[in-house]
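TrEMBL has this to say about the protein:
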- 22-294: domain 'G-protein coupled receptors family 1 profile' (DOMAIN)
- 6-32: transmembrane segment (TRANSMEM)
- 44-68: transmembrane segment (TRANSMEM)
- 94-114: transmembrane segment (TRANSMEM)
- 126-149: transmembrane segment (TRANSMEM)
- 169-195: transmembrane segment (TRANSMEM)
- 243-259: transmembrane segment (TRANSMEM)
Amino acid sequence: MSIWELLLAFVVVLLMLVALLANVLVLMCFLYSADIRKQVPGLFILNLTFCNLLMAVSSMPLTLAGIIYKSQPAGDELCHAVGFLETFLTTNSMLSMAALSIDRWIAVVFPLSYHSKMRYRDAALILSYTWLHSASFPIVAASLSWVGFHHLYASCTLYNKRPEDRTQFVIFTGVFHALSFLLSLVVLCFTYLKVLKVARFHCKRIDVITMQTLVLLVDIHPSVRERCLEEQRRRRQRATKKISTFIGTFILCFAPYVITRLVELSSVVHISAHWGIISKCLAYSKAVSDPFVYSLLRHQYKKTWKDIINKILKRSSINSSALAGESHNRNLPQ
């Protein structure tokens, strides 16, 4: 193996381990906290978490083996199953992010009618659509034998080995990425830009009230005034940073891989095998970033995880105290 292949193999191992750990933490928080389970977005996050976990235990290990052995690492049946699952999970993850953005849009733009517009039944219907949408493309690809080991990405994925099917495969790939990546990106941009518009409007209202208060409070200390103005600046930047993170991570992780898949269809452009694996690793990195972007960095999940740690430490402390008490009793003279 070359130094590049060793480095790429290390990256895949790192992505796999972090994705497993981070998504398991999200799952633990969901199971531990009743408040998180009551929230409708929790269903979308749970679905996204399961997709990331399955990706980490199915597609990533075979890609690692493909990098190491430079050939198909498993039998045809297993490779076809993993390729089917990879296509399904990737599409499902994209649509789950779009569903989360729709939920935030309704919550921010229509706050008074949110609980009537987004109920558990509505979330279940949206998830049912994402599953049907995500399953339709791999079913078609599997029925036409367009799933297999692709050396450019060292993974089991969509792949056409028959030159006579090239035109149909090009059309299928274009439609697939248009109705998965592009559709999700359009929904993300539309919903989050609407959310940003509302957030900026509320920030302006708060800023006007704050400035009027500062003008009236003539004797206010300069340090207090400065803290108020600093909080204004942070408030304006907070919503922009969050929305930029949601859209930016989606584009950064998925766009290079999708563009590479589309450029690959042209026989004019040569694509390096190293770049193919790098673009695949970027797509895998979404399974790592999702737990932090959508869950673990939020206050509610932080609090839940702290409660879990405190409970574990408290139980451990109680067990240690009990063992120490038993040992002391045994050493007492009879």
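Keep in mind that glycine also has a Cβ here, set from the backbone N, Cα and C atoms.
What TrEMBL says about a protein is an automatic prediction, not a curated fact.
Residues 43-44, 47, 66, 71-73, 76, 79-80, 83-85, 87-89, 91-92, 95-96, 99, 102, 155-162, 165, 168-169, 172, 176, 179-180 of the same chain, all 6+ positions outside the transmembrane segment (126-149), place their C-beta atoms under 8 angstroms from a C-beta of that stretch. Cβ atoms under 8 Å from those of the transmembrane segment (94-114) belong to residues 40-41, 44-45, 47-48, 51, 123, 126-127, 129-130, 133-134, 180-181, 183-184, 187-188, 190-192, 194-195, 198-199, 246, 250, 254, 290, 294 of the same chain, restricted to positions at least 6 beyond its ends. Outside the transmembrane segment (169-195), and at least 6 residues removed from its termini, the chain residues within Cβ reach (under 8 Å) are 90-91, 94-95, 97-98, 101-102, 104-105, 108-109, 133-134, 137, 140-141, 144, 146, 158, 160, 239, 243, 246-247, 250-251, 254-255, 258, 261-262, 265.
Mean model confidence of the domain 'G-protein coupled receptors family 1 profile' (22-294) amounts to 87 (pLDDT, 0 to 100 scale).
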